[in-house]
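Swiss-Prot lists 1-47 with the feature region 'E7 terminal domain'. Residues or ranges marked as motif 'LXCXE motif' by Swiss-Prot: 26-30. Taken from Swiss-Prot, the feature zinc finger applies to 69-105. Positions annotated as motif 'Nuclear export signal' by Swiss-Prot, on the basis of sequence analysis: 87-95.
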Amino acid sequence: MHGPKPTVQEIVLELCPCNEIEPVDLVCHEQLGDSDDEIDEPDHAVNHHQHQLLARRDEQQRHTIQCTCCKCNNLLQLVVEASRENLRNVELLFMDSLNFVCPWCATETQ
């Protein structure tokens, strides 16, 4: 390309017909290092780690929930302690029928 703007005459396309399909070597010629460097965990260690994760899922953890008041739409922040399974049940209630009322709207309706 010569000049500030390309023109169709300046564009040169070179097309080569490729009728032959060249074979590709898919064999990996990579060599592995010594297996002494690798740390192989026995199955009981892996199972123990999975057991720890499952136990952690059942323990009570503190979670912060942000929602809005169903009357005035003010932001509410709740802190609950629940297991992951129970927190999931609370999330399902939020999506279904559970509504929260802020303290100001709660005192006005009484």
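Cβ coordinates come from backbone N, Cα and C, glycine included.
Note that the structure is a prediction, hence the values are computed from the model and not measured.
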Summary of DSSP states over the zinc finger (69-105), given as helix, strand and coil counts:
16 helix, 10 strand, 11 coil
Per DSSP, what is the residue tally for the motif 'LXCXE motif' (26-30) in helix, strand and coil?
0 helix, 0 strand, 5 coil
Considering every residue in the zinc finger (69-105), what is the mean pLDDT value?
88
